[in-house]
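A.B. asks: Feature annotation from Swiss-Prot assigns ATP binding site to 7-20, Gly102, Asn171, Arg196; the stated evidence is sequence analysis.
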Amino acid sequence: MNITGIITEYNPFHLGHELHLKNSKEITNCDGVICVMSGNFVQRGLPALTDKWTRTKMALEAGVDLVVELPTLFATSSAEFFAFGAVSLLNSLNVVNNICFGSECGDIDLIKKLSEIIVNEPPIFKEYLKDYLKEGLPFPKARSEALMKYLDYNNYKTDFSYLEKVLNSSNNILAIEYCKSLYKLQSTIKPFTIQRLGADYNDEELSKNEIASASAIRKSIYTSNIEESLDFMPEYSYNLLKNTSFSDLDKMFDLVKYAIVSNPNILKEIPEASEGIDNKIIQNIGKANSLDELINLCKSKRYSYTRLNRILCHILLNVNKDLLSLRKYSPNYVRILGFNNKGREILKEIKKNSEINIVNKLSKAKTDPLLEFDIKATNIYSFLNPSVKINSDYLISPIIFR
């Protein structure tokens, strides 16, 4: 069986996702699709618009065969750890032949070339990177500058203004990290990319003439009404959203504020909250009236909006250093969120070919620390979204789509 893996958030599932899924099937000529999807918290460091089971239903309606959960620890981390968690999970299933992801550039050879340099870390590249970090540049920017300088030094024939754009575009960054993880794992999975069409990943405005970003759809749902987003998502996705509730970002801010005020030392447990940003957050927590306001008061050249969002999310989820250290390792279980008949066949192949622990229903006995963290994340999410109850992870079985 020729199986393709895709890495998604579906927050929410829209027309761009539908196109990516269709094209992924075509370009890889696959027999089935496994989707690794973020759970109730996503890579921007925010609660998902709607819960992971509703989004699983969207994926299955769209034609995904098997949906598995990306553990929350990876799902709420930077591109490097997000990609490693997802790719290593797909790799450990021992049934995935291809991985297909979107990118702004659509050039798999360039993406592979850049990821190879990063993995091999030639000495000159490392020196350039060290120099840019000393200048105070945030790591992603320092790395992109070091890559360009290294390629220039090696007389690599390219348009460097184009290359700069490639290295600083959200989906390209993730694409490079996916390939980097494949190299590190010495995986036999073959990477494919599809050029992203329509609005920019970070574009927050809906436009009738193009495929909208998930950011724009979420903003529309939060600020006006769901009807405005109908033209930008499949009908099945819209119908599922129409009949569910959404996470409340104001409640998230209240919980983050409570966590910081009641225990200011919580920031010392998060390695990302260093270089004085911990003090800046504590100083501004009383001045801000919303999550957005707090982040804007604290952000700087080194600490971007999204990076701060992830720090605040880790405060909310009470992440500690011991837990964060687990991001270096591949998950040793796979949590099944849903499947169709073909997905059931793929599960049989996984059982036959892989030693990974397959989790269908949760037991209240002691489990893997990553899985325990997922359960805690869902319980915290239940304070933000009324459609989810405490202990939903124990109560809700994988969705079977017929």
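Quick reminder: no glycine exception, Cβ is built from N, Cα and C everywhere.
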A.B. asks: Ile7 (ATP binding site) has how many other Cβ neighbours within 10 Å of its own Cβ?
C.D. replies: 23
A.B. asks: If you draw a 10 Å sphere on the Cβ of Asn171 (ATP binding site), how many other Cβ atoms land inside?
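C.D. replies: The answer is 20 other Cβ atoms.
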A.B. asks: Which number gives the other C-beta atoms within 10 angstroms of the C-beta of Leu19 (ATP binding site), all protein chains shown included?
C.D. replies: 16
A.B. asks: Gly16 (ATP binding site) has how many other Cβ neighbours within 10 Å of its own Cβ?
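C.D. replies: So the number of other Cβ atoms within 10 Å of Gly16 (ATP binding site) is 22.
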A.B. asks: Please name the residue among the binding-site residues Tyr10, Phe13 whose C-beta has the most neighbouring C-beta atoms within 10 angstroms.
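C.D. replies: Result for the most crowded candidate: Phe13.
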A.B. asks: Please state whether DSSP places Ile7 (ATP binding site) in a helix, a strand or coil.
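C.D. replies: DSSP call for Ile7 (ATP binding site): strand.
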